[in-house]
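Chemist: In case it helps, Swiss-Prot gives these features for our protein:
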- CYS8, CYS11, CYS73, CYS76: Zn(2+) binding site (BINDING)
- 1-100: domain 'MSS4' (DOMAIN)
Amino acid sequence: MSNLRIVCQHCPSVVFNNKRPDVVKRPTMSAMLHSETQEDLETDDFFLLKDPFAFDNVSVSKPLANNYKLLACADCEKGPLGYYDSKNNEYLLLCSLEKN
């Protein structure tokens, strides 16, 4: 399995440089933040991580009203790069951050 390297879009910090995680479909950040229910939500591709220590440089926000937390670059504090789902203990990093 190859490595995945994600660099912050706003500064030169490496956010993730580790084994390529599994890709899963989860609700988009917009849908997750604005929906009352979890039914029929628009989805997006995310890299799934269970261990916060797999990241090189990420910060996690305080819980939002729906108990999700946003992921951001720990150096420049810009994001969101994805979100943390505390109910399922999933750190979800946007696949769109990968540069081809």
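Using N, Cα and C of the backbone, Cβ positions are placed for all residues, glycine too.
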Chemist: Look up CYS73 (Zn(2+) binding site) in the DSSP assignment and reduce it to helix, strand or coil.
Modeler: strand
Chemist: Tally of helix, strand and coil residues over the domain 'MSS4' (1-100) according to DSSP?
Modeler: 12 helix, 41 strand, 47 coil
Chemist: Can you name every residue in this chain, apart from CYS8, CYS11, CYS73, CYS76, with its Cβ inside 8 Å of the center of the Cβ atoms of the recorded Zn(2+) site?
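Modeler: The surrounding set, listed in chain order, is GLN9, HIS10, PRO12, SER13, VAL15, ASN57, ALA74, ASP75, GLU77, LYS78.
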Chemist: So what's the average pLDDT for the domain 'MSS4' (1-100)?
Modeler: 91
